[in-house]
Amino acid sequence: MTSSSALVALLVVGCAAVASAMELTFYVGDAKGWTTGVDYTAWAKGQAIEAKDTLVFRYDRNQHTVTEVTKSNYDACAVSATPVSDFRSGLTIFSDLKAGTSRYFICTVGNHCAGGMKLAVAVSNSSSGDVPRAQPWSPPRSTGGASAHLHAGNAVAAAAVGVLVKLALF
(Lines of atoms letter the chains of each structure in order from A; the text may use other names.)
(Lines give C-alpha, C1' and ligand atoms only; values in the text may rest on other atoms or scores of the structure.)
Protein backbone atom coordinates (compact mmCIF):
# COMPACT_ATOMS: atom_id res chain seq x y z
CA MET A 1 0.00 0.00 0.00
CA THR A 2 1.49 3.36 -0.95
CA SER A 3 1.74 6.08 1.65
CA SER A 4 -0.81 8.23 -0.21
CA SER A 5 -3.31 5.34 -0.27
CA ALA A 6 -2.74 4.76 3.43
CA LEU A 7 -3.26 8.45 4.12
CA VAL A 8 -6.56 8.46 2.21
CA ALA A 9 -7.69 5.37 4.13
CA LEU A 10 -6.64 7.04 7.37
CA LEU A 11 -8.70 10.11 6.58
CA VAL A 12 -11.78 8.03 5.72
CA VAL A 13 -11.58 5.98 8.92
CA GLY A 14 -10.82 9.07 10.99
CA CYS A 15 -13.81 10.94 9.59
CA ALA A 16 -16.06 7.94 10.27
CA ALA A 17 -14.81 7.76 13.86
CA VAL A 18 -15.46 11.46 14.41
CA ALA A 19 -18.95 11.20 12.90
CA SER A 20 -19.88 8.25 15.09
CA ALA A 21 -18.54 10.03 18.16
CA MET A 22 -20.96 12.91 17.54
CA GLU A 23 -23.98 10.63 17.86
CA LEU A 24 -24.73 10.38 21.57
CA THR A 25 -26.90 8.07 23.66
CA PHE A 26 -29.00 9.73 26.37
CA TYR A 27 -30.31 7.63 29.26
CA VAL A 28 -33.49 9.33 30.46
CA GLY A 29 -33.15 10.21 34.15
CA ASP A 30 -29.48 9.19 34.11
CA ALA A 31 -28.77 6.59 36.84
CA LYS A 32 -32.32 6.76 38.23
CA GLY A 33 -33.91 5.95 34.90
CA TRP A 34 -37.61 6.43 34.10
CA THR A 35 -39.34 6.41 37.49
CA THR A 36 -41.21 8.61 39.94
CA GLY A 37 -39.40 11.27 41.95
CA VAL A 38 -37.21 12.57 39.11
CA ASP A 39 -37.48 16.11 37.73
CA TYR A 40 -37.54 15.31 34.02
CA THR A 41 -38.05 18.96 33.06
CA ALA A 42 -34.74 19.83 34.72
CA TRP A 43 -33.12 16.72 33.25
CA ALA A 44 -34.18 17.69 29.71
CA LYS A 45 -32.89 21.25 30.16
CA GLY A 46 -29.45 19.85 30.95
CA GLN A 47 -29.26 17.87 27.70
CA ALA A 48 -28.40 18.92 24.15
CA ILE A 49 -30.28 16.28 22.19
CA GLU A 50 -29.71 16.41 18.45
CA ALA A 51 -30.88 14.56 15.38
CA LYS A 52 -29.35 11.07 15.11
CA ASP A 53 -28.88 10.83 18.90
CA THR A 54 -30.53 7.98 20.80
CA LEU A 55 -32.91 8.29 23.75
CA VAL A 56 -33.04 5.29 26.13
CA PHE A 57 -35.73 4.74 28.76
CA ARG A 58 -34.87 2.18 31.47
CA TYR A 59 -37.74 1.36 33.86
CA ASP A 60 -39.58 -1.30 35.86
CA ARG A 61 -42.07 -2.73 33.37
CA ASN A 62 -44.39 -3.76 36.21
CA GLN A 63 -44.65 -0.20 37.51
CA HIS A 64 -44.27 2.16 34.54
CA THR A 65 -44.95 2.74 30.86
CA VAL A 66 -43.32 4.89 28.22
CA THR A 67 -46.13 6.36 26.18
CA GLU A 68 -45.42 8.89 23.45
CA VAL A 69 -48.27 11.37 23.13
CA THR A 70 -49.17 14.64 21.44
CA LYS A 71 -48.33 17.95 23.11
CA SER A 72 -51.93 18.51 24.19
CA ASN A 73 -52.06 15.04 25.79
CA TYR A 74 -48.68 15.71 27.42
CA ASP A 75 -49.95 18.98 28.89
CA ALA A 76 -53.13 17.28 30.17
CA CYS A 77 -51.42 14.03 31.26
CA ALA A 78 -53.99 12.21 29.18
CA VAL A 79 -53.83 9.44 26.62
CA SER A 80 -56.02 9.36 23.56
CA ALA A 81 -57.41 6.11 22.19
CA THR A 82 -54.44 6.08 19.82
CA PRO A 83 -51.21 7.32 21.43
CA VAL A 84 -48.23 7.93 19.16
CA SER A 85 -46.63 4.84 20.74
CA ASP A 86 -46.94 2.82 23.94
CA PHE A 87 -44.24 0.63 25.51
CA ARG A 88 -44.16 -1.60 28.60
CA SER A 89 -41.00 -3.69 28.13
CA GLY A 90 -38.69 -2.10 30.70
CA LEU A 91 -36.28 -0.87 28.03
CA THR A 92 -37.45 1.48 25.29
CA ILE A 93 -35.07 3.01 22.76
CA PHE A 94 -35.79 5.85 20.36
CA SER A 95 -33.13 6.24 17.67
CA ASP A 96 -35.37 7.93 15.12
CA LEU A 97 -34.97 11.47 16.48
CA LYS A 98 -35.49 14.09 13.79
CA ALA A 99 -34.16 17.64 13.85
CA GLY A 100 -36.63 20.40 14.57
CA THR A 101 -39.18 18.12 16.22
CA SER A 102 -40.45 17.82 19.77
CA ARG A 103 -41.30 14.48 21.35
CA TYR A 104 -43.58 14.04 24.37
CA PHE A 105 -43.51 11.06 26.74
CA ILE A 106 -45.59 10.22 29.81
CA CYS A 107 -46.13 7.32 32.19
CA THR A 108 -49.77 6.22 32.08
CA VAL A 109 -49.75 4.34 35.40
CA GLY A 110 -51.86 5.91 38.17
CA ASN A 111 -50.97 9.53 38.88
CA HIS A 112 -47.36 9.18 37.78
CA CYS A 113 -47.68 11.73 34.98
CA ALA A 114 -49.45 14.26 37.20
CA GLY A 115 -46.64 13.69 39.72
CA GLY A 116 -44.06 14.75 37.13
CA MET A 117 -43.26 11.54 35.29
CA LYS A 118 -43.35 13.14 31.87
CA LEU A 119 -40.69 14.31 29.48
CA ALA A 120 -40.68 16.80 26.63
CA VAL A 121 -37.66 16.63 24.31
CA ALA A 122 -36.83 19.26 21.70
CA VAL A 123 -34.54 17.76 19.07
CA SER A 124 -32.20 20.33 17.60
CA ASN A 125 -30.27 20.24 14.35
CA SER A 126 -26.95 18.44 14.53
CA SER A 127 -24.15 20.73 15.59
CA SER A 128 -21.44 21.58 13.13
CA GLY A 129 -18.90 19.73 15.23
CA ASP A 130 -16.95 22.94 15.89
CA VAL A 131 -17.79 22.74 19.59
CA PRO A 132 -17.60 19.29 21.17
CA ARG A 133 -20.71 18.24 23.10
CA ALA A 134 -20.49 16.95 26.63
CA GLN A 135 -20.83 13.18 26.87
CA PRO A 136 -24.13 12.34 28.62
CA TRP A 137 -24.32 9.96 31.57
CA SER A 138 -24.10 6.29 30.65
CA PRO A 139 -24.39 3.16 32.78
CA PRO A 140 -21.22 1.43 34.00
CA ARG A 141 -19.58 -0.60 31.24
CA SER A 142 -18.77 -3.61 33.43
CA THR A 143 -22.22 -5.08 32.83
CA GLY A 144 -21.60 -5.42 29.08
CA GLY A 145 -24.75 -5.30 26.99
CA ALA A 146 -25.75 -2.53 24.62
CA SER A 147 -23.73 0.21 26.33
CA ALA A 148 -20.50 -1.72 25.90
CA HIS A 149 -21.29 -2.37 22.25
CA LEU A 150 -21.94 1.32 21.59
CA HIS A 151 -18.53 2.31 22.94
CA ALA A 152 -16.68 -0.62 21.35
CA GLY A 153 -17.19 0.89 17.90
CA ASN A 154 -15.17 3.96 18.83
CA ALA A 155 -12.35 1.80 20.24
CA VAL A 156 -12.20 -0.23 17.02
CA ALA A 157 -12.12 2.96 14.95
CA ALA A 158 -9.31 4.37 17.09
CA ALA A 159 -7.30 1.15 16.72
CA ALA A 160 -7.81 1.20 12.95
CA VAL A 161 -6.61 4.81 12.78
CA GLY A 162 -3.51 3.85 14.77
CA VAL A 163 -2.70 0.98 12.40
CA LEU A 164 -3.20 3.17 9.35
CA VAL A 165 -0.99 5.92 10.77
CA LYS A 166 1.74 3.36 11.36
CA LEU A 167 1.36 2.05 7.79
CA ALA A 168 1.46 5.58 6.39
CA LEU A 169 4.68 6.34 8.25
CA PHE A 170 6.50 3.24 6.98
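Placed from the backbone N, Cα and C atoms, the Cβ positions cover glycine too.
What you see is a predicted model, and the numbers here were worked out from it, not measured in a lab.
Now, the feature entries from TrEMBL:
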- 1-21: signal peptide (SIGNAL)
- 24-125: domain 'Phytocyanin' (DOMAIN)
On the 0 to 100 pLDDT scale, where does the domain 'Phytocyanin' (24-125) sit on average? 96
On the DSSP side of things, how many residues of the domain 'Phytocyanin' (24-125) fall into helix, strand and coil, could you say? 15 helix, 31 strand, 56 coil
